[in-house]
Structures are given as C-alpha cells and as structure tokens.
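Below is one structure, written out as structure tokens; comments come after it.
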C-alpha cells in the first residue's frame with residue numbers, strides 16, 4: 001500500500017472513531033428524564049466502590065478548597081423556558097460522615113416530622129405499651145387507661161427535640177398512635193391520623209410553637225386507619241388512603257368535624273394478598289393535581305375531584321413493595337421554569353422490597369429471603385409509561401428514602417434479608433446509597449460511609465435545614481426491650497452527605513434571610529440574596545429549591561417533594577453578594593400551600609435552608 005493511501009486510510013478511521021465517540025457522549029450526557037434511548041439495556045452494572053474511613057478526617061488525602069469556574073451557558077433542555085442547563089458540579093468523592101447526636105431520645109422514633117419555624121422534630125411511637133424512657137413533665141396528669149382497675153400511664157410517648165441542641169420536651173398523648181400517618185397544614189400544624197384500637201379513628205393536631213400541646217379528636221375518621229397513608233392535596237387539605245382492613249379512602253374535614261363518607265378502592269381490594277403487602281401505600285401528588293397511588297405491585301392515577309381512576313399503570317414485577325414487603329419510594333425532584341410547559345414531567349422511584357411471601361417465610365418458617373435489589377422508575381406523565389429498572393449495590397427492605405436539597409436521593413436504613421414485622425429481618429444494611437437521578441442509567445448509585453447502628457423495623461430518616469439527615473428509631477420488639485438481638489433503639493444520629501465535605505466549604509452559599517421573603521404567592525417572581533465566596537457565579541451553576549418536610553414512618557415519607565424553581569436572573573450585587581431572581585411554583589398542584597425549606601445550591605452544594613411559606 002502506498003504511503004499516501006495508508007495516510008488517507010488512517011485519517012478516515014480517525015474521523016470515524018471521533019464521530020462515533022461524539023455520538024456516544026451525546027447519548028450519555030442526555031437529560032435522562034425519559035430514558036427512551038436506554039430501553040433494552042441489560043441490568044445496570046454495579047459499581048465497585050471503596051468507602052473511606054468515616055470516623056475522622058485524619059489520614060485522608062489533603063484536598064484544597066475548590067474554586068470552580070462556571071462553564072459556558074447551555075441552551076437548556078425540555079420545553080420550559082428560563083431555566084437553562086444546570087451545570088454538574090465537581091464529582092464528590094467524600095463518602096459522608098456519621099455523628100452521634102443523642103444517646104437517648106426518650107421515645108423510640110417510630111414516626112418523625114420536622115416542625116416548621118421552631119426547628120424541632122416531633123418523634124412519637126405507640127401508647128399501647130404504656131412505657132418509654134421519659135416521664136411526663138411535672139404538672140401534666142397521668143393518663144387513666146383503665147378506670148376500673150385504676151391503671152394509669154405516666155410515660156410520655158411523644159417528644160419535641162431541638163435539632164441543634166438535642167433538648168427534649170415530652171408531650172402527653174392519650175390515643176394510640178401506633179402505625180399512624182401525618183402531614184402539615186398550611187400554617188404548619190401537624191395533623192396525625194389513625195393508629196391502633198381507640199386511636200384508629202382519631203385525628204390529632206399539634207401546632208408549631210414552643211408550648212403547644214396535642215389536641216385529639218377520637219371520632220374524626222369514618223374508617224379505622226392503621227397502617228394508612230396521608231397525602232396533601234393542592235388546596236392544602238388531606239386524603240387518607242388504606243390501612244389494615246380499610247380498603248378505601250377518605251378526606252379529612254376541618255378540625256373538630258367528623259367525617260362519615262368513604263370511597264371504595266378497587267386498587268386496594270385487588271392488591272390485598274395473603275400477606276397484605278398493600279399497607280402504607282405510596283401516594284404522590286402528581287404535577288397535574290391528581291394522585292399517583294401505588295399498592296403492592298400495581299398503581300393508578302386517581303382524581304381527588306371526581307374520585308375516578310384516570311389511568312392504570314403497568315405492573316411492577318419482582319415482588320411486594322408495600323408493608324410488610326416495604327420498599328421505599330420518592331417523587332423525584334420536579335424541575336420548573338420561568339415559563340413552564342403544559343405537561344410538567346414527574347417521575348416516581350420505588351426501590352427494594354421483598355418477595356411476595358417473605359413475611360410468611362420469615363414468620364412461620366424462620367427463612368429470611370434476600371430482599372429485592374432493584375430500583376424502578378416510572379415517568380407517570382408519559383403517554384406510554386414503562387417501569388425502567390436498575391440494580392442497587394445491595395439488597396434492601398425497610399429502607400427510608402430522603403430527597404436532599406440538591407436534588408439527589410439518599411436511600412438509607414433497612415435490612416438485606418426478610419421483611420417488615422417483629423423480628424422478621426436479618427443483616428442490617430448499614431451503608432446508605434446516594435442516587436443521582438440525572439446520571440445515565442447504570443451510573444446513578446454510589447455507596448456511602450456505613451453507620452454502626454442497626455436501623456431495621458420502625459426506623460426513620462428526615463432531611464434537616466443544615467443539609468444533614470437525621471436518622472433514628474429501630475424497634476423490632478413488641479415493647480421496649482434491650483437484651484435482644486436488635487434492641488429498642490433510642491440513639492439518634494446525623495449523617496452528612498458528600499456535599500458537606502469540608503473541602504467544599506467555600507462553595508456553600510449562605511442565604512441572607514433579611515433580604516429573602518418569608519412568604520410568597522404562586523407564580524411570584526422573588527429575590528433570594530446569597531453570600532458566596534466564588535467568582536463569576538452564573539445562572540447555570542445555581543439552583544433554588546423548595547423542600548417540603550416529610551412525615552416519615554414504616555419506610556414511607558409522606559408528602560416529601562422537592563421543587564427546582566425557575567431562575568430568571570443571577571447577578572452580583574457587590575463583593576461576595578449575589579441576587580438570584582427565582583419564580584415560585586405556579587399552583588398548588590406543584591406545591592401545596594404551606595411551609596417549605598428554601599435552599600440556594602451552587603454546583604451541588606446547598607446552603608442552610610430557610611423557612612418560606614407559599615400561599
């Protein structure tokens with residue numbers, strides 16, 4: 001072959017390889033909301049991840065504080081306008097860090113929610129055991145639960161815990177809250193529904209103030225609600241779905257009124273198998289104002305206005321996903337724009353769970369099967385929705401899913417074998433998983449630093465304003481027991497995700513709360529002023545997010561949602577001060593009225609959240 005011919009041939013090969021590489025890169029970097037280009041792929045490859053020693057920073061490679069230059073502005077994807085492409089920040093390799101926050105929370109944290117404004121978390125468990133590790137305060141009378149035998153309960157079963165100091169305030173509860181549900185009203189009042197025995201028809205109210213007490217209405221609900229799910233509607237009212245022997249749903253009336261009307265649910269009837277596997281269903285408010293309801297392995301879209309089923313989704317194969325199968329779920333972050341498209345995408349994530357008969361095999365045969373290892377995702381507003389699954393690094397049942405303020409998802413707690421229930425799980429799963437929704441399929445999971453405390457049945461995890469995650473609970477015993485395989489757990493931990501790496505400290509914005517509104521209206525354009533020690537802060541590097549506090553129990557994070565707001569402009573207003581012009585969600589379909597934590601995020605690193613109310 002002549003030299004000129006060989007040279008021409010080599011040049012042709014180089015051009016061809018470059019073209020193919022470019023095409024592959026474009027596919028890999030595509031916004032993977034729909035994943036249509038990834039259909040037919042084999043099960044995602046598991047990453048082999050080395051987790052650093054999380055007990056201290058000594059011995060770690062010294063990392064200089066990062067000064068990140070913003071990339072050039074992108075045109076943005078999707079049909080919305082005024083959002084742009086959010087630049088991917090630096091890859092965060094720090095595995096996170098655990099700290100022991102409290103040695104004794106007083107009550108085991110079966111249920112948890114962050115109360116707005118006062119920055120205290122409400123923990124409560126069950127009253128049926130008539131025991132906890134903290135007494136009612138002086139001046140609060142003991143509860144007489146058996147007048148004939150003069151039996152009284154002087155223990156507290158509800159506590160308010162200061163998330164910064166760990167100070168505990170015990171509160172009195174009289175109705176049984178065991179396996180109940182909850183959510184926040186527009187003004188931040190906690191409404192707790194259902195429970196056990198005399199508490200099953202109860203609605204309880206706890207306002208968000210330092211000296212507030214529980215107010216209980218034992219006949220507020222039409223059906224007995226035990227293991228039910230409560231969801232917030234676009235107008236700020238509530239629906240309660242399901243529960244043991246309650247194959248129906250109802251709407252909560254204003255405080256002090258008793259509901260009498262029930263609506264039958266064919267979904268719950270059709271998914272009620274011999275092991276149940278449809279308790280604590282997943283209920284997510286879709287971006288169109290309708291409700292996505294998932295029970296066992298099936299799901300529907302329900303109109304809360306007409307009470308008609310609008311759509312049935314494909315079945316999710318592989319096993320059971322609701323109690324006692326107990327997967328965990330999230331409505332993935334909702335991306336908004338200055339001008340939003342007519343249909344705003346919404347993806348639901350369901351991760352882990354158990355085999356259909358796992359409960360029976362664990363309880364009757366003492367065989368603890370491996371939990372499910374898959375994580376499935378569904379675009380519920382797609383014309384042809386299809387579950388798209390990938391494999392987690394480890395099996396997991398009874399996990400908790402937490403949306404982080406930067407839009408990433410933390411999957412934490414649970415076990416590798418068995419199911420929910422008393423003593424029915426083995427091999428606690430100590431290592432959290434970080435799920436990055438916008439990464440390509442097969443690259444979304446990263447295993448983080450493990451805890452040393454088992455968090456199995458009756459555990460919780462919730463996001464905090466400082467970006468940490470509060471982790472507590474774990475009681476697989478029928479009562480408070482401490483000399484067993486998995487003792488009743490009273491220790492509370494905090495987990496710092498990778499974005500709290502000390503090396504990223506100078507990338508963390510600080511919201512100037514005196515220059516940021518405390519209340520906004522739907523569709524309002526408003527300013528968020530931040531301090532940030534970075535140069536050339538561009539719109540493509542910044543997000544403003546709103547995170548709704550979730551009511552968390554039994555692997556269900558009720559009403560958890562994060563909105564990525566449309567950003568109109570970002571400008572420097574002197575020195576390290578920057579002003580972000582953001583647009584509030586357009587309606588209660590996207591963000592039900594009430595309190596949210598407002599975060600500014602720079603290259604994946606969030607500020608401390610500030611409370612904001614949307615009305």
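Placement of Cβ uses the backbone N, Cα and C atoms for every residue, glycine included.
Given the structure is predicted, the values throughout are model-derived calculations rather than measurements.
Checking Swiss-Prot for region 'Disordered' across the ranges 50-69, 70-89, 90-109 points to 70-89. When the glycosylation sites 187, 297 are compared by the number of other C-beta atoms lying within 10 angstroms of their own C-beta, 187 comes out lowest. Residue 297 (N-linked glycosylation site) sits 35 Å from residue 187 (N-linked glycosylation site), taking the Cα positions as reference. Secondary structure from DSSP puts residue 297 (N-linked glycosylation site) in coil.
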